[in-house]
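Q: According to TrEMBL, the protein has these features:
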TRANSMEM  21-39  transmembrane segment
TRANSMEM  45-63  transmembrane segment
TRANSMEM  84-104  transmembrane segment
TRANSMEM  110-127  transmembrane segment
TRANSMEM  134-155  transmembrane segment
TRANSMEM  161-177  transmembrane segment
TRANSMEM  204-226  transmembrane segment
TRANSMEM  232-249  transmembrane segment
TRANSMEM  270-286  transmembrane segment
Amino acid sequence: MKDKFLSVIKLLRIEQWIKNMFVFGPILFSNNIFNSGMIEKSFTAFIAFCFISSCVYIMNDIVDREKDRKHPKKCNRPIASGKVQVFEAIILAVILAGESFIIAFSINKYLVLIILLYLVNNVLYSFKIKNVVLLDVFSIGIGFILRVLAGSFAIGVKTSSWILLCTLFLSLFLGFGKRRNEVIVLGEDAKEHRKNLSQYNEKLLDQIINIVLACTIVFYAIYCVVGTGDQNFIWTTILVLFGILRYYYLMYSKGQGGNPTELVIRDKQLSFCVIFWIICSAGIMNF
């Protein structure tokens, strides 16, 4: 019974919920960080996204279970290893999706729409887009934009277009970095695990990564200058640049990047950089 419970918890990918922190972006940048009502709504939207994202992970694991069994690491996932049966996973996914929509509806209809769009985007990703070169990573990027929009609609504030662009290009940087890691680690067997990996190569991905990295930094700097109304915010660019270069270093010098969430959590310098950036951004925007 204990093993089954632990397998179900593992299936939820709770460690990946950190991605849903993007929901708090709008309240951080809107001078409302001390507004208890907005904090409550942002947290509610965060919970809704945690449930729907776990639903999506379960759906992906069901679809990819045969391929995962051949993967050196993914073979240990609950469904691929047989610790959780497919019908059990389906029931859990339906419950999570239902709870997510109920929670979203308690905020407003716009949040329900964002959750629905996120689900549709991921269904398309699981069954089609994941095998389409370039579009697969852009689909992931759309998921992060929807997280930010969820936070925006939850509290009723408009999010800067520059922030949305920064979110998109940062997610593309992480996504293409992950593809690069898969191409290198899996080698000639890469296409057996993901069809479109045969269309990627290390040189192409290196060029794409450099382009989206540059765009991320430039767009963030532009936002700091024209989108915040506070000239002091430009200094947070230093933290953003350090964080991105630290990740770049770990990806190219240490062969990491296959799991961005895990890397950000485990690397002390990255973790400190993210936390310090949040503190500085909140301080500048709200004091």
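The backbone N, Cα and C atoms fix where each Cβ goes, glycine too.
Show me how these features fit into the structure around them.
A: Long-range contacts of the transmembrane segment (21-39) within its own chain (CB-CB distance under 8 A, at least 6 residues past either end) are made by residues 45-46, 49, 144, 147-148, 150-152, 154-155, 157, 159-160, 163, 167, 228, 278, 281-282, 285-286.
A Cβ distance under 8 Å defines the sequence-distant neighbours of the transmembrane segment (110-127), meaning residues of its chain 6+ beyond its ends; these are 45, 48-49, 52-53, 55-56, 59-60, 63-64, 97, 100-101, 104, 136, 139-140, 142-143, 146-147, 149-150, 153-154.
Using a Cβ-Cβ cut-off under 8 Å and counting only residues 6 or more beyond its ends in the same chain, the transmembrane segment (134-155) has close neighbours at 19-20, 22-27, 30, 32, 35, 38, 41-42, 44-46, 48-49, 107-108, 110-111, 114-115, 117-118, 121-122, 124-125, 163-164, 167-172, 175-176, 179, 196.
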Q: In the same chain, which residue numbers or ranges, 6 or more beyond the ends of the transmembrane segment (204-226), come under 8 angstroms Cβ to Cβ?
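A: Apart from its flanks, the transmembrane segment (204-226) reaches 160, 162-163, 165-166, 169-170, 172-173, 176-177, 179-180, 183, 233-234, 236-237, 240-241, 244, 248.
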